[in-house]
Amino acid sequence: MGGAEDAPRAAAANGHGNGATVEEKLDELRRLLGKADGDPLRIVGVGAGAWGSVFCALMQDAYGHLRDKVQVRIWRRPGRAVDRATAEHLFEVINAREDVLRRLIRRCAYLKYVEGRLGDRTLYADEILRDGFCLNMIDTPLCPLKVVTNLQEAVWDADIVINGLPSTDTREVFGEIGRYWKERITAPIILSLAKGIEASLDPLPRIITPTQMISNATGVPLENILYLGGPNIASEIYNKEYANARICGADKWRKPLAKFLRQPHFIVWDNSDLITHEVMGGLKNVYAIGAGMVAALTNESATSKSVYFALCTSEMIYITHLLEEEPEKLAGPLLADTYVTLLKGRNAWYGQKLAKGELTLEMGDSIKGKGTIQGVSAVNAFYELLSQDSLSVMHPEANRSVAPVEMCPILKALYKILIKRELPPDSILQAIRDETMYDPRERIEMAQGHSLYRPSLLGQPKGDAKA
């Protein structure tokens with residue numbers, strides 16, 4: 001059911017034939033985790049969206065041939081049927097790739113895809129994932145994966161858990177996981193890929209990030225929970241496009257994990273600023289929807305997209321200064337992550353489709369073949385949070401106190417378009433063409449030159465904001 005028999009071939013095909021170096025990295029992490037001989041390191045993905053599936057496939061490709069020392073498995077919910085049109089497209093993908101075709105024939109798995117193509121059989125998302133096909137990314141075949149549909153079975157003995165869930169599902173699923181971990185003596189390491197936030201307004205306005213949701217739901221200390229983000233498009237990463245990422249969190253685990261995750265085509269650096277990276281991970285999805293709208297409405301005008309980029313990044317910088325005294329600068333991988341998401345991510349795609357009329361808001365934010373559009377819920381969360389009068393800031397021109405959201409006109413426009421549905425998508429252009437708007441540099445200078453920091457937004461006293 002896993003992909004163990006294919007692992008040596010996958011390792012060689014993906015440039016990891018040098019077993020000594022790979023095995024040394026694995027042995028080093030096993031020692032740090034206190035793993036005894038004969039007790040494999042258990043890496044478990046929770047959630048099988050595009051990035052979560054690719055991440056587990058990268059681990060399987062790199063380390064799966066060392067099956068006595070490591071096990072990689074992934075959990076996804078059972079029962080999700082593959083529709084006929086997707087089954088037909090999947091069959092085309094299989095037949096276009098000789099290596100995939102031969103693999104399925106060798107595993108006696110090809111016939112079911114013929115039957116699915118003909119409509120004689122219903123395929124399910126968990127069974128095709130076992131063969132290396134992620135429902136949200138059919139065009140990019142992965143290596144075979146060991147798929148578990150029982151959550152308790154998947155996670156109860158995990159050493160490292162990869163959170164590949166949307167932020168909107170993280171609290172619920174990890175709440176269930178927390179019940180299975182009540183008897184655990186040692187806490188696992190959790191690496192979150194989720195990008196999004198929740199807003200809590202009672203008793204005070206505050207932001208809740210996915211790592212905080214996980215800690216609250218499971219009781220796992222924050223020093224064992226990390227975030228990984230970067231300028232990464234899942235399909236391109238698996239196709240060996242050169243990429244980099246940052247793993248963020250406490251000192252204890254981020255450096256060893258950065259070394260363990262690093263591959264020739266996927267460079268992982270470490271950084272202590274968990275909060276800024278998680279918040280930016282949510283913010284970039286917010287503004288990516290607007291970027292897609294602008295691209296579609298202006299016929300891909302480079303000038304208009306650049307204007308939007310300057311304005312939205314200034315709002316992002318402004319918002320992060322409310323959350324931290326000295327946030328990580330929007331530069332390097334943080335800036336690149338924002339850039340690639342505005343350029344090509346699923347949230348930008350969603351904005352384009354809305355602006356072209358090919359999707360409607362009534363269709364919801366879970367789109368077939370794409371998964372959850374996390375920017376929609378993030379727009380609502382950030383707007384609700386920043387519209388609270390108790391967080392008021394001084395308006396530089398009106399010389400009066402206003403809610404922070406008044407300093408973020410693009411966020412306001414996206415809220416009225418996506419959440420309130422008061423304005424059509426083309427109103428995003430008015431938000432970037434307002435003649436009374438000041439230079440985005442002024443917003444950045446306001447953020448950096450004034451005491452915007454509100455420690456209560458993170459639900460903790462001043463000085464304790466950083467992980």
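Just so it is clear, glycine is given a Cβ too, placed from its N, Cα and C backbone atoms.
Swiss-Prot has this to say about the protein:
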type	residues	note
BINDING	GLY47, ALA48, GLY49, ALA50, TRP51, GLY52, LYS195, ALA234, ARG346, GLN374	NAD(+) binding site
BINDING	LYS195, ARG346, ASN347	substrate binding site
ACT_SITE	LYS284	active site, proton acceptor
Cβ packing number for GLY47 (NAD(+) binding site), 10 Å threshold: 23
Cα distance (Å, whole number) from LYS284 (active site, proton acceptor) to GLY47 (NAD(+) binding site): 21
Neighbouring C-beta atoms (10 Å sphere around the C-beta of GLY49 (NAD(+) binding site)): 26
Euclidean distance between Cα atoms of LYS284 (active site, proton acceptor) and ARG346 (NAD(+) binding site), Å: 11
Minimum Cα separation from ASN347 (substrate binding site), reported as the residue among binding-site residues GLY49, TRP51, LYS195 that achieves it: LYS195
Longest CA-CA distance among LYS195, ARG346, ASN347, per record bound to substrate, angstrom: 12
Sequence-distant neighbours of TRP51 (NAD(+) binding site) in its chain (C-beta under 8 A, six or more apart): GLY164, LEU193, ASN232, ALA234
Rounded Cα-Cα span from LYS284 (active site, proton acceptor) to LYS195 (NAD(+) binding site), Å: 9
Residues within 8 Å of the LYS195, ARG346, ASN347 Cβ centre (excluding the substrate site residues themselves): LYS284, ASN285, ALA288, THR341, GLY345, ALA348, TYR350, ILE373, GLN374, GLY375
Recorded NAD(+) site residues GLY47, ALA48, GLY49, ALA50, TRP51, GLY52, LYS195, ALA234, ARG346, GLN374, farthest C-alpha pair in Å: 17
In the chain carrying LYS284 (active site, proton acceptor), residues 6 or more apart in sequence that have Cβ under 8 angstroms from it: LYS195, MET316, ASP337, THR338, THR341, LEU342, GLY345
Conformational class of ARG346 (NAD(+) binding site) under the three-state DSSP mapping: helix
Around the Cβ of ASN347 (substrate binding site), the count of other Cβ atoms that are within 10 Å: 28
Local backbone state of TRP51 (NAD(+) binding site), from DSSP in three classes: helix
